[in-house]
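J.: Sharing a structure with you now.
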Amino acid sequence: MSKDRRSIVVTVDGQSSTGKSSLACALANRLGMNFLGSGSIYRLCAYFMLRGKDLEAIKELLTESLAFKSTQGDMSVWVQGEDLTAKINDAQVTKMASDIAKDVAVRTQLADLQKGFQSGLGLVAEGRDMGTVIFPRATLKLFLTADVAVRAKRRKVQLEQMGLSPDYDQLVMELKARDHQDETRAISPLVPAKDAVFVDTAAHWDENLEQMYQQVLMVLPKQVMPKEVVQIFDQVRQDSMRYAQLGNVSDYERWWKGCSEASSKKFQGEIIGASWLCPIYVRDFIPDPINAHLSILQNTSAVEQAMLSVFIATKPSYERLFYVAALCGQYAVLSNRLLALQDIVG
Ligand SMILES: Nc1ncnc2c1ncn2[C@@H]1O[C@H](COP(=O)(O)OP(=O)(O)O)[C@@H](O)[C@H]1O
Ligand SMILES: Nc1ccn([C@@H]2O[C@H](COP(=O)(O)OP(=O)(O)O)[C@@H](O)[C@H]2O)c(=O)n1
(Lines of atoms letter the chains of each structure in order from A and count residues from 1; the text may use other names and numbers.)
(Lines give C-alpha, C1' and ligand atoms only; values in the text may rest on other atoms or scores of the structure.)
(Ligands and ions follow the chains in the order given, each with its own letter.)
Protein backbone atom coordinates (compact mmCIF):
# COMPACT_ATOMS: atom_id res chain seq x y z
CA MET A 1 0.00 0.00 0.00
CA SER A 2 1.37 3.42 -0.80
CA LYS A 3 1.89 6.03 1.89
CA ASP A 4 -1.09 8.33 2.43
CA ARG A 5 -0.08 11.61 0.85
CA ARG A 6 -2.37 13.66 3.06
CA SER A 7 -1.13 12.34 6.34
CA ILE A 8 2.21 13.81 7.35
CA VAL A 9 3.98 12.13 10.24
CA VAL A 10 7.57 12.77 11.27
CA THR A 11 8.88 10.27 13.83
CA VAL A 12 11.80 10.97 16.15
CA ASP A 13 13.11 7.80 17.81
CA GLY A 14 16.31 7.19 19.74
CA GLN A 15 17.93 6.32 23.05
CA SER A 16 17.34 8.06 26.34
CA SER A 17 18.39 11.73 26.60
CA THR A 18 19.39 12.09 22.97
CA GLY A 19 17.04 15.10 22.81
CA LYS A 20 13.98 13.37 21.35
CA SER A 21 11.30 15.22 23.27
CA SER A 22 12.83 18.70 23.32
CA LEU A 23 13.91 18.61 19.66
CA ALA A 24 10.73 16.93 18.39
CA CYS A 25 8.52 19.40 20.27
CA ALA A 26 10.47 22.38 18.91
CA LEU A 27 10.32 20.88 15.41
CA ALA A 28 6.54 20.46 15.69
CA ASN A 29 6.21 24.10 16.73
CA ARG A 30 8.33 25.26 13.83
CA LEU A 31 6.29 23.21 11.38
CA GLY A 32 2.95 24.20 12.93
CA MET A 33 2.17 20.53 13.56
CA ASN A 34 0.88 18.50 16.52
CA PHE A 35 3.37 16.97 18.93
CA LEU A 36 3.24 13.57 20.59
CA GLY A 37 5.65 12.79 23.43
CA SER A 38 5.23 9.04 23.81
CA GLY A 39 7.98 8.80 26.45
CA SER A 40 5.98 11.14 28.68
CA ILE A 41 2.91 8.97 28.13
CA TYR A 42 4.78 5.93 29.48
CA ARG A 43 6.07 8.02 32.37
CA LEU A 44 2.58 9.34 33.16
CA CYS A 45 1.22 5.83 33.03
CA ALA A 46 3.87 4.70 35.54
CA TYR A 47 3.23 7.77 37.71
CA PHE A 48 -0.51 7.17 37.93
CA MET A 49 -0.07 3.40 38.40
CA LEU A 50 2.17 4.12 41.39
CA ARG A 51 -0.80 6.08 42.74
CA GLY A 52 -3.20 3.17 42.31
CA LYS A 53 -4.98 4.11 39.04
CA ASP A 54 -5.80 1.33 36.58
CA LEU A 55 -4.87 1.34 32.89
CA GLU A 56 -8.37 2.16 31.57
CA ALA A 57 -8.73 5.14 33.90
CA ILE A 58 -5.26 6.41 32.97
CA LYS A 59 -6.02 6.16 29.28
CA GLU A 60 -9.26 8.09 29.76
CA LEU A 61 -7.58 10.78 31.84
CA LEU A 62 -4.78 11.28 29.31
CA THR A 63 -7.12 11.28 26.32
CA GLU A 64 -9.11 14.07 27.94
CA SER A 65 -6.52 16.31 29.49
CA LEU A 66 -2.92 15.66 28.38
CA ALA A 67 -1.09 18.69 26.95
CA PHE A 68 2.52 19.26 25.87
CA LYS A 69 4.16 22.68 26.00
CA SER A 70 7.47 23.78 24.53
CA THR A 71 9.49 26.24 26.60
CA GLN A 72 12.94 27.42 25.41
CA GLY A 73 14.47 24.12 24.41
CA ASP A 74 12.53 22.01 26.89
CA MET A 75 9.16 20.35 26.83
CA SER A 76 6.71 20.27 29.75
CA VAL A 77 3.85 17.87 30.33
CA TRP A 78 0.50 18.91 31.75
CA VAL A 79 -2.47 16.84 32.94
CA GLN A 80 -5.68 18.49 34.12
CA GLY A 81 -3.90 21.84 34.13
CA GLU A 82 -1.07 20.64 36.40
CA ASP A 83 2.58 20.62 35.29
CA LEU A 84 3.78 17.07 36.04
CA THR A 85 7.16 17.33 34.26
CA ALA A 86 9.38 17.11 37.36
CA LYS A 87 7.21 14.47 39.02
CA ILE A 88 7.38 12.09 36.05
CA ASN A 89 11.14 12.50 35.75
CA ASP A 90 12.16 11.27 39.20
CA ALA A 91 14.19 8.05 39.40
CA GLN A 92 11.33 5.86 40.65
CA VAL A 93 8.91 6.84 37.85
CA THR A 94 11.72 6.62 35.26
CA LYS A 95 12.56 3.03 36.23
CA MET A 96 8.89 2.07 36.48
CA ALA A 97 8.18 3.54 33.01
CA SER A 98 10.76 1.26 31.43
CA ASP A 99 9.39 -1.72 33.41
CA ILE A 100 5.73 -1.26 32.43
CA ALA A 101 6.78 -0.60 28.82
CA LYS A 102 7.51 -4.34 28.53
CA ASP A 103 3.87 -5.18 29.28
CA VAL A 104 1.85 -6.00 26.16
CA ALA A 105 -1.46 -4.78 27.67
CA VAL A 106 0.09 -1.42 28.52
CA ARG A 107 1.60 -1.05 25.05
CA THR A 108 -1.66 -1.92 23.32
CA GLN A 109 -3.71 0.60 25.29
CA LEU A 110 -1.12 3.34 24.90
CA ALA A 111 -0.73 2.63 21.17
CA ASP A 112 -4.39 3.59 20.63
CA LEU A 113 -3.93 6.78 22.57
CA GLN A 114 -0.80 7.67 20.58
CA LYS A 115 -2.37 7.04 17.16
CA GLY A 116 -5.16 9.46 18.15
CA PHE A 117 -2.69 12.36 17.97
CA GLN A 118 -2.58 12.10 14.18
CA SER A 119 -4.86 14.95 13.15
CA GLY A 120 -4.69 18.45 11.74
CA LEU A 121 -1.82 19.61 9.62
CA GLY A 122 0.56 16.84 10.62
CA LEU A 123 2.32 15.23 13.55
CA VAL A 124 5.82 15.05 14.98
CA ALA A 125 5.91 11.96 17.22
CA GLU A 126 8.74 11.29 19.65
CA GLY A 127 9.60 7.95 21.29
CA ARG A 128 11.33 4.65 20.91
CA ASP A 129 8.96 2.83 18.57
CA MET A 130 7.26 5.67 16.70
CA GLY A 131 8.84 4.86 13.33
CA THR A 132 8.91 1.09 13.75
CA VAL A 133 5.56 0.20 15.34
CA ILE A 134 3.14 3.11 15.86
CA PHE A 135 3.65 4.98 12.56
CA PRO A 136 5.50 2.53 10.27
CA ARG A 137 4.39 4.48 7.18
CA ALA A 138 5.62 7.84 8.48
CA THR A 139 6.68 10.50 5.98
CA LEU A 140 10.10 10.85 7.59
CA LYS A 141 11.79 8.80 10.32
CA LEU A 142 14.58 10.39 12.28
CA PHE A 143 16.72 8.42 14.72
CA LEU A 144 18.71 10.44 17.25
CA THR A 145 22.01 9.23 18.69
CA ALA A 146 24.60 10.63 21.12
CA ASP A 147 27.42 9.27 23.25
CA VAL A 148 26.30 8.11 26.72
CA ALA A 149 28.61 10.61 28.46
CA VAL A 150 27.02 13.50 26.55
CA ARG A 151 23.55 12.20 27.36
CA ALA A 152 24.25 11.75 31.07
CA LYS A 153 25.66 15.27 31.34
CA ARG A 154 22.57 16.71 29.70
CA ARG A 155 20.18 14.66 31.78
CA LYS A 156 21.99 15.85 34.94
CA VAL A 157 21.51 19.51 33.98
CA GLN A 158 17.90 18.87 32.99
CA LEU A 159 17.07 17.16 36.30
CA GLU A 160 18.85 19.86 38.31
CA GLN A 161 16.73 22.47 36.56
CA MET A 162 13.69 20.53 37.74
CA GLY A 163 14.93 20.81 41.33
CA LEU A 164 16.25 17.22 41.56
CA SER A 165 19.84 16.26 42.64
CA PRO A 166 21.09 13.38 40.46
CA ASP A 167 24.54 11.79 40.69
CA TYR A 168 26.43 11.70 37.36
CA ASP A 169 27.87 8.16 37.70
CA GLN A 170 24.51 6.85 38.82
CA LEU A 171 22.89 8.49 35.75
CA VAL A 172 25.39 6.82 33.39
CA MET A 173 24.57 3.45 34.94
CA GLU A 174 20.82 4.06 34.77
CA LEU A 175 20.97 5.22 31.16
CA LYS A 176 22.95 2.15 30.12
CA ALA A 177 20.62 -0.19 32.03
CA ARG A 178 17.50 1.41 30.57
CA ASP A 179 18.95 1.44 27.02
CA HIS A 180 19.74 -2.27 27.41
CA GLN A 181 16.25 -3.05 28.73
CA ASP A 182 14.59 -1.02 25.95
CA GLU A 183 16.78 -2.51 23.21
CA THR A 184 16.42 -6.16 24.22
CA ARG A 185 12.74 -6.43 25.22
CA ALA A 186 10.56 -8.79 23.20
CA ILE A 187 7.89 -6.31 22.07
CA SER A 188 8.62 -3.00 20.35
CA PRO A 189 12.34 -2.98 21.18
CA LEU A 190 14.28 0.22 20.59
CA VAL A 191 15.78 -0.27 17.11
CA PRO A 192 16.18 2.16 14.23
CA ALA A 193 13.62 1.70 11.45
CA LYS A 194 15.18 0.38 8.22
CA ASP A 195 14.42 3.68 6.48
CA ALA A 196 15.52 5.90 9.39
CA VAL A 197 17.77 8.94 8.92
CA PHE A 198 20.36 9.19 11.72
CA VAL A 199 21.04 12.49 13.48
CA ASP A 200 23.91 12.72 15.97
CA THR A 201 22.78 15.25 18.57
CA ALA A 202 26.23 15.92 20.04
CA ALA A 203 26.12 19.31 18.30
CA HIS A 204 24.49 22.49 19.58
CA TRP A 205 20.72 22.26 20.07
CA ASP A 206 19.90 24.93 17.43
CA GLU A 207 22.11 23.13 14.94
CA ASN A 208 20.32 19.81 15.57
CA LEU A 209 16.93 21.44 15.17
CA GLU A 210 17.98 23.07 11.90
CA GLN A 211 19.34 19.74 10.63
CA MET A 212 16.05 17.99 11.43
CA TYR A 213 14.04 20.81 9.85
CA GLN A 214 16.12 20.56 6.68
CA GLN A 215 15.44 16.81 6.54
CA VAL A 216 11.70 17.56 6.65
CA LEU A 217 12.05 20.13 3.90
CA MET A 218 13.81 17.59 1.73
CA VAL A 219 11.13 14.94 1.95
CA LEU A 220 7.91 16.81 2.57
CA PRO A 221 7.21 18.46 -0.77
CA LYS A 222 7.89 15.25 -2.67
CA GLN A 223 5.79 13.23 -0.29
CA VAL A 224 2.63 15.27 -0.56
CA MET A 225 2.84 16.95 -3.96
CA PRO A 226 1.12 15.55 -7.01
CA LYS A 227 3.57 14.00 -9.49
CA GLU A 228 3.33 16.76 -12.05
CA VAL A 229 4.17 19.38 -9.43
CA VAL A 230 7.16 17.34 -8.33
CA GLN A 231 8.35 17.50 -11.93
CA ILE A 232 7.97 21.26 -12.04
CA PHE A 233 9.70 21.54 -8.70
CA ASP A 234 12.62 19.38 -9.79
CA GLN A 235 13.01 21.38 -12.94
CA VAL A 236 13.02 24.64 -11.00
CA ARG A 237 15.57 23.23 -8.64
CA GLN A 238 17.92 21.99 -11.33
CA ASP A 239 17.64 25.12 -13.43
CA SER A 240 18.07 27.46 -10.51
CA MET A 241 21.28 25.69 -9.56
CA ARG A 242 22.54 25.82 -13.12
CA TYR A 243 21.73 29.52 -13.51
CA ALA A 244 23.12 30.35 -10.10
CA GLN A 245 26.42 28.80 -11.19
CA LEU A 246 26.39 30.71 -14.46
CA GLY A 247 25.17 33.89 -12.79
CA ASN A 248 22.92 34.35 -15.78
CA VAL A 249 19.63 35.69 -14.56
CA SER A 250 18.09 37.02 -17.76
CA ASP A 251 18.09 33.64 -19.55
CA TYR A 252 16.59 32.13 -16.48
CA GLU A 253 13.84 34.75 -16.37
CA ARG A 254 13.03 34.10 -19.98
CA TRP A 255 12.66 30.40 -19.28
CA TRP A 256 10.52 31.10 -16.25
CA LYS A 257 8.20 33.43 -18.11
CA GLY A 258 7.31 30.68 -20.56
CA CYS A 259 6.99 28.14 -17.82
CA SER A 260 4.90 30.43 -15.67
CA GLU A 261 2.50 31.23 -18.52
CA ALA A 262 2.05 27.53 -19.20
CA SER A 263 1.45 26.80 -15.52
CA SER A 264 -1.02 29.66 -15.17
CA LYS A 265 -3.05 28.25 -18.02
CA LYS A 266 -2.90 24.76 -16.61
CA PHE A 267 -3.84 25.67 -13.06
CA GLN A 268 -6.14 28.53 -13.88
CA GLY A 269 -7.91 29.83 -10.81
CA GLU A 270 -5.59 27.93 -8.49
CA ILE A 271 -2.93 30.57 -8.05
CA ILE A 272 -4.95 33.54 -6.91
CA GLY A 273 -3.19 35.27 -4.05
CA ALA A 274 -0.12 33.11 -4.30
CA SER A 275 2.22 35.61 -5.87
CA TRP A 276 2.34 37.84 -2.83
CA LEU A 277 2.57 35.07 -0.25
CA CYS A 278 5.89 33.72 -1.33
CA PRO A 279 7.90 36.94 -1.33
CA ILE A 280 6.82 37.62 2.22
CA TYR A 281 8.02 34.27 3.40
CA VAL A 282 11.14 34.25 1.34
CA ARG A 283 11.96 37.65 2.76
CA ASP A 284 11.65 36.19 6.27
CA PHE A 285 14.06 33.41 5.44
CA ILE A 286 16.72 35.50 3.75
CA PRO A 287 18.98 37.14 6.31
CA ASP A 288 20.37 39.74 3.92
CA PRO A 289 17.41 41.48 2.22
CA ILE A 290 19.60 43.72 0.03
CA ASN A 291 21.02 40.65 -1.71
CA ALA A 292 17.90 38.57 -1.35
CA HIS A 293 17.60 37.93 -5.06
CA LEU A 294 21.13 36.51 -5.17
CA SER A 295 20.63 34.46 -2.03
CA ILE A 296 17.53 32.91 -3.46
CA LEU A 297 19.32 31.90 -6.60
CA GLN A 298 22.28 30.50 -4.70
CA ASN A 299 20.33 28.79 -2.00
CA THR A 300 17.61 26.58 -3.40
CA SER A 301 16.55 25.42 0.03
CA ALA A 302 15.03 28.88 0.46
CA VAL A 303 12.49 27.83 -2.12
CA GLU A 304 11.65 24.75 -0.14
CA GLN A 305 11.33 26.82 3.00
CA ALA A 306 9.06 29.21 1.23
CA MET A 307 6.92 26.37 -0.01
CA LEU A 308 6.62 24.89 3.41
CA SER A 309 5.75 28.22 4.96
CA VAL A 310 3.03 28.84 2.46
CA PHE A 311 1.76 25.39 3.25
CA ILE A 312 1.74 26.10 6.98
CA ALA A 313 0.19 29.53 6.61
CA THR A 314 -2.68 28.71 4.32
CA LYS A 315 -3.74 25.19 5.30
CA PRO A 316 -6.04 24.39 2.38
CA SER A 317 -6.08 20.96 0.73
CA TYR A 318 -2.59 19.65 0.07
CA GLU A 319 -3.15 19.18 -3.63
CA ARG A 320 -4.28 22.72 -4.24
CA LEU A 321 -1.74 24.17 -1.90
CA PHE A 322 1.20 22.54 -3.55
CA TYR A 323 0.22 23.79 -6.94
CA VAL A 324 0.32 27.18 -5.31
CA ALA A 325 3.53 26.51 -3.44
CA ALA A 326 5.34 25.15 -6.47
CA LEU A 327 4.42 28.24 -8.40
CA CYS A 328 5.47 30.36 -5.45
CA GLY A 329 8.77 28.53 -5.50
CA GLN A 330 9.19 29.39 -9.15
CA TYR A 331 8.30 32.94 -8.42
CA ALA A 332 10.79 33.18 -5.59
CA VAL A 333 13.66 31.67 -7.51
CA LEU A 334 13.03 33.42 -10.72
CA SER A 335 11.54 36.82 -10.07
CA ASN A 336 14.85 38.28 -8.89
CA ARG A 337 13.45 41.76 -8.37
CA LEU A 338 13.77 43.02 -4.85
CA LEU A 339 12.03 46.32 -5.56
CA ALA A 340 9.12 44.55 -7.13
CA LEU A 341 8.89 42.27 -4.13
CA GLN A 342 8.87 45.23 -1.79
CA ASP A 343 6.19 46.86 -3.89
CA ILE A 344 4.09 43.77 -3.61
CA VAL A 345 4.65 43.35 0.12
CA GLY A 346 3.96 47.04 0.56
N1 LIG B 1 22.31 19.52 21.36
C2 LIG B 1 21.32 19.03 22.08
N3 LIG B 1 20.47 18.19 21.51
C4 LIG B 1 19.46 17.68 22.22
N5 LIG B 1 19.22 17.95 23.52
C6 LIG B 1 20.02 18.78 24.14
C7 LIG B 1 21.10 19.36 23.45
N8 LIG B 1 21.75 20.14 24.34
C9 LIG B 1 21.10 20.05 25.48
N10 LIG B 1 20.04 19.24 25.39
C11 LIG B 1 19.17 18.95 26.53
O12 LIG B 1 19.22 17.55 26.87
C13 LIG B 1 18.11 17.24 27.69
C14 LIG B 1 17.53 15.88 27.30
O15 LIG B 1 16.73 16.07 26.18
P16 LIG B 1 15.31 15.37 26.05
O17 LIG B 1 14.64 16.05 24.91
O18 LIG B 1 14.59 15.28 27.34
O19 LIG B 1 15.80 13.89 25.62
P20 LIG B 1 14.97 12.55 25.42
O21 LIG B 1 13.55 12.92 25.19
O22 LIG B 1 15.63 11.89 24.26
O23 LIG B 1 15.19 11.78 26.67
C24 LIG B 1 17.13 18.41 27.58
O25 LIG B 1 17.21 19.21 28.73
C26 LIG B 1 17.66 19.18 26.38
O27 LIG B 1 17.33 20.55 26.44
N1 LIG C 1 7.58 4.96 22.50
C2 LIG C 1 8.07 4.66 23.70
C3 LIG C 1 8.46 5.69 24.58
C4 LIG C 1 8.94 5.35 25.81
N5 LIG C 1 9.02 4.05 26.18
C6 LIG C 1 9.47 3.66 27.52
O7 LIG C 1 9.27 4.71 28.45
C8 LIG C 1 10.48 5.05 29.14
C9 LIG C 1 10.56 6.56 29.33
O10 LIG C 1 10.64 7.16 28.06
P11 LIG C 1 11.30 8.63 27.85
O12 LIG C 1 11.35 8.88 26.39
O13 LIG C 1 10.61 9.63 28.69
O14 LIG C 1 12.74 8.40 28.42
P15 LIG C 1 14.02 9.26 28.09
O16 LIG C 1 14.41 8.92 26.68
O17 LIG C 1 13.62 10.70 28.23
O18 LIG C 1 15.01 8.83 29.09
C19 LIG C 1 11.61 4.44 28.31
O20 LIG C 1 12.66 3.95 29.08
C21 LIG C 1 10.94 3.29 27.54
O22 LIG C 1 11.08 2.09 28.22
C23 LIG C 1 8.69 3.06 25.29
O24 LIG C 1 8.80 1.89 25.60
N25 LIG C 1 8.19 3.38 24.07
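Every residue gets a Cβ built from N, Cα and C, even glycine.
Please treat TrEMBL annotations as automatic predictions, because they have not gone through curation.
Annotation source TrEMBL lists ATP binding site at GLY14, GLN15, SER16, SER17, THR18, GLY19, LYS20, SER21, SER22. Annotated domain 'Cytidylate kinase' per TrEMBL: 10-204, in sequence order.
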J.: Please report the three-state DSSP label of SER22 (ATP binding site).
T.: helix
J.: Measure from each Cβ of the binding-site residues GLY14, SER16, THR18, SER22 to the atoms of ligand 2 and list the residues where some distance is under 6 Å.
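T.: SER16, by Cβ distance under 6 Å.
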J.: Report the same-chain neighbours of SER16 (ATP binding site): residues 6+ apart in sequence with Cβ closer than 8 Å to its Cβ, ordered by sequence.
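T.: SER16 (ATP binding site) has long-range Cβ partners ARG151, ARG155, LEU175, ARG178, ASP179, ASP182.
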J.: Restricting to the same chain and to sequence separations of six or more, state which residues have a Cβ under 8 Å from that of GLY14 (ATP binding site).
T.: LYS20, ARG128, LEU142, PHE143, LEU144, THR145, THR201
J.: For the recorded ATP site formed by GLY14, GLN15, SER16, SER17, THR18, GLY19, LYS20, SER21, SER22, which further same-chain residues have Cβ atoms within 8 Å of the site's Cβ center?
T.: LEU23, GLU126, LEU144, ALA146, ARG151, THR201
J.: Name, in the order they occur in the sequence, the residues of the same chain whose CB lies under 8 A from the CB of THR18 (ATP binding site) and which sit 6 or more residues away.
T.: LEU144, THR145, ALA146, ARG151, THR201
J.: Report, as a single number, how many Cβ atoms besides its own are within 10 Å of the Cβ of LYS20 (ATP binding site).
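T.: Around the Cβ of LYS20 (ATP binding site), 27 other Cβ atoms lie within 10 Å.
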